[in-house]
Amino acid sequence: MEPNLSSSNTQHLLEEQPPTTTTKSRGKLALIPLVFLIFFEVSGGPYGEESAVGAAGPLWAILGFLIFPFIWSIPEALITAELATAFPGNGGFVIWAHQAFGPFWGSLMGSWKFLTGVLNLASYPVLCIDYLKLVFPVFSSGVPRYIAILVSTLVLSFLNYTGLAIVGYTAVTLGIVSLSPFLVLTLVSIPKIDPSRWISLGQKGVQKNWTLFFNTLFWNLNFWDSASTLAGEVEQPQKNFPIALLSAGVLTCLGYLVPLLAATGAIPLSQEDWTDGYFAYVAEMVAGRWLKFWDGSCLGMLLEFASFLWLRRKMPSIDRPFRVPMGLPGLIIMCLIPSVFLVYVMAVATRTVYVVSFILTVLGILWYFFMKFCKSKMWLQFNNTREKLEYDSLE
């Protein structure tokens, strides 16, 4: 194992680093690719928001996507902006929890995020094929469906291995491609919109499904903190990260709300049809078949809110290039509202969710002690990179 460095030695090593310059860093993410990478971390377009209409009706869906960003997305994005610029390393939320509560909670945070991320990412190829099957019915079931899901997963995985710069500009291209049909849908829908359809509370006889409604909002407007793991790969993160989060936030909110207003206002309500992929049918009804072809983790978040508040108290003098403009009482209130929502989401979860969450937590705890044991036996060695030195110097 490498010896621990004293604070003076750490500071000396940091002072020996070459001065930063304003020239473009080779291989670093520029602002525009970063905006679209954050956009895809959170949203990727209004795909999947249809269930909110099916669960509660147009009015509640519109209000949800109008209000929820203010009580959930904005607080999460503000926290991410402050902590990612104060600790601009690829560890992201792991570093935050480690600095606030120690290595055990940092490791558990990483385990929660990684394992829930695996489960979450597995849903995206399925959602993609759910839209694709509307154009190619052969992908609706059976072997062709499984092959299509596997191929899409392999293609996207390979793309990630090509490098962050390529992924960034690919995200820009895919963002334009994915939003373009909804822009056309909105423009074509304008003459057909009946505003009275927006205030519908749903069809008579269709029972509200509030669990599905809130989970749809949560799933579509969550994961802003995931962008923090890119902080070490961003050009001038202290400057670009807050701008990128703001830009991605505006793009995400408009990307959900505008097509939702257009679709619910342009066609009569058939609430039970509003499931994943229904936007393609709306496009066909509004503009014709051509547009249909074109369109074709709670515990971790609670720990993240706690880390943010504790770091404000534990390290009040740390350099924060971006600082949420509130005192500690205001920050507590800001974090309390989404925390209450997180508790609600956990309270209405199914038994399967509880069992899976318990298993993931146990695996995370076992992983921490296994890694600790490996280090004690000298089976593993961790390098003291500059990123680690910077954070050690803050202790």
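All residue numbers here begin at 1 and follow the chain in the order shown.
Just so it is clear, glycine is given a Cβ too, placed from its N, Cα and C backbone atoms.
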Between 114-135, 290-311, I'd like to know which one TrEMBL lists as transmembrane segment.
290-311
Which one of 79-97, 193-211 shows up in TrEMBL as transmembrane segment?
79-97
Looking at the stretches 53-72, 167-190, 323-347, which one shares the most CB pairs under 8 Å with the transmembrane segment (79-97)?
323-347
Which range wins on Cβ pairs under 8 Å with the transmembrane segment (243-270): 29-47, 53-72, 143-161, 167-190, 353-370?
29-47
Among the ranges 29-47, 143-161, 167-190, 323-347, the one whose Cβ pairs under 8 Å to the transmembrane segment (53-72) are most numerous:
323-347
Residue numbers, six or more beyond the limits of the transmembrane segment (143-161), whose CB comes under 8 Å of its CB atoms:
124-126, 128-129, 132-133, 167, 170
